[in-house]
Amino acid sequence: MALSRPVRLFSLVARLILAPRRGLTVRSPDEPLPVVRIPVALQRQLEQRQSRQRNLPRPVLARPGRLLVSARRPEFNQPARLTLGRWESAPLASQGWKSRRARRDHFSIERAQQEAPAVQKLSSEGNFADLGLEPRVLHALQEVAPEVVQPTTVQSNTIPQLLRGRHVLCAAETGSGKTLSYLLPLFQRLMVQPSLDSLRIPAPRGLVLVPSRELAQQVQAVAQPLGRSLGLLVRDLEGGHGMCRIRMQLARQPSADVLVATPGALWKALKSRLISLEQLSFLVLDEADTLLDESFLELVDCILEKSHIADGPADLEDRFNPKAQLVLVGATFPEGVGQLLDKVASPDAVTTITSSNLHCIMPHVKQTFLRLKGADKVAELVHILKHHNRAERTGPSGTVLVFCNSSSTVNWLGYILDDHKIQHLRLQGQMPALMRAGIFQSFQKSSRDILLCTDIASRGLDSTGVELVVNYDFPPTLQDYIHRAGRVGRVGSEVPGTVISFVTHPWDVSLVQKIELAARRRRSLPGLVSSVKEPLPQQPDFDKSD
């Protein structure tokens, strides 16, 4: 009995070992056993990833053709013949760029056309004479700029409205000829209107308000030859030099018929009673979207209060009681313009002119986006600049603009380029006025091919010789991106334009995704104002004691 229990246990174990197992087949002695080289869990993950990639929608091309969007991963390419609907979703090449694994990824928005959309294809009979300009103004234009033969779309729409005496708000893409669209009517208005007896202080009849000294110098360089040909004197008034310099500028005789000024310098002169706006008959806010920003809005409001803005075209007919015609010009539609116009003029007296490509990605400029780590940006920039200098070109070569978001980054990056023996110029807002003077003019004359700058060089400045724009720091807003990208591909440019943007931060990726989606849909960038909004009526203040 003592041995029966171990014998019974041994027989049970033997029975379990010798019992057939489920799921196993009998193998021959010569058949090799299966070898597991990849863990089963990892193998399942790979199979799931491959199935997701197979299920991604891919654009089907009937035959090869040009691309609208070309990406490093071909499944995100979009042919030029395909346009996504407004509500149609699409996989974006930048969809996963907020992940660190997306570093070194890139995509490009290719050129859809060669010619700038601002150039209007007129018939051989279309010219400036058809717009209502007088022969004297046409002769001056032909003498000063013989290459300007046909008006652009913006000029064809803006000049007739200004000649009718309407207040005009013109918002059109960069490089579309907006400067001439207001200068020619301005000079014609001053030629028709007699000059009144001058006061004891200068009293210009035309005023062009601009946000920066560089833009003031550029507008003066365009307006001065035209004015000289018509017997009108054009001068500028720049800030940053102190009151002594402002007094010297305004003390020159004879006083200017047209004054190009920055808001700060003009307001100092008005407070000191060195200048009067009582005889003003034409007021232009160039780059109005910038002038109506918080940094300038208070000064602009004070200047407009000193100006006598006409209520309508009828007020402009009194030659001995001049009132000013108001013109607002910008590459993006200025926010807050409704509140501004409500203070100085009737909204019904303002004609709004916008181009069909307002706030759109420029179709004739290639735009590339690189997802980079912050530490890799310097090496990538140096590579781009050295490759640009060594590039073999059959046609004319252009210059390079490198944009940074702060003055300190411009200075630091300049030291890096000095170490690499890359010659360049620097332009940023914290420079003293004497140091800033003439830097952009030197760049325009190609004394240096590379300019490191902040957004001070992104507004309005003529850059027909620029071939490449590099956003070392991605712009903080879509408006800033439009202005920076607008430095290339301008009317009159002899070189094709390209924009390269370094994308580093998650908030940069959010803006890039909006740009990519707008390009795939061929629509304007989202969230930008495109019409004048009337201000909301103010609520009456109720006394709490009632």
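Placement of Cβ uses the backbone N, Cα and C atoms for every residue, glycine included.
Keep in mind the model is a prediction, meaning the values are calculated, not measured.
Over in Swiss-Prot, the protein carries these features:
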type	residues	note
MOTIF	3-18	motif 'Mitochondrial targeting signal'
MOTIF	126-156	motif 'Q motif'
DOMAIN	159-351	domain 'Helicase ATP-binding'
BINDING	Ala172, Glu173, Thr174, Gly175, Ser176, Gly177, Lys178, Thr179	ATP binding site
MOTIF	180-191	motif 'Nuclear export signal'
MOTIF	286-289	motif 'DEAD'
DOMAIN	377-536	domain 'Helicase C-terminal'
MOTIF	520-523	motif 'Nuclear localization signal'
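Shown on the structure are the features that Swiss-Prot records.
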| residue | record | Cβ contacts under 8 Å, 6 or more apart |
| --- | --- | --- |
| Thr174 | ATP binding site | Ala331, Ile482, His483, Ala485, Gly486, Arg487, Arg490 |
| Lys178 | ATP binding site | Val154, Thr158, Cys170, Ala172, Asp286, Val329, Ala331 |
| Thr179 | ATP binding site | Val219, Val222, Asp286 |
Cβ packing number for Gly175 (ATP binding site), 10 Å threshold: 25
Residue numbers, six or more beyond the limits of the motif 'Q motif' (126-156), whose CB comes under 8 Å of its CB atoms: 117-120, 163, 170, 172, 176-178, 180-181, 184-185, 187-188, 191, 225-226, 229-230, 353, 355, 491-492
Integer average pLDDT (0 to 100) for the motif 'Nuclear localization signal' (520-523): 90
Three-state composition of the motif 'Nuclear localization signal' (520-523), taking helix and strand from DSSP: 2 helix, 0 strand, 2 coil
Number of Cβ atoms other than its own within 10 Å, given for Glu173 (ATP binding site): 27
DSSP helix/strand/coil residue counts for the motif 'Nuclear export signal' (180-191): 12 helix, 0 strand, 0 coil
DSSP-assigned states of the motif 'Q motif' (126-156) in counts, ordered helix, strand, coil: 18 helix, 0 strand, 13 coil
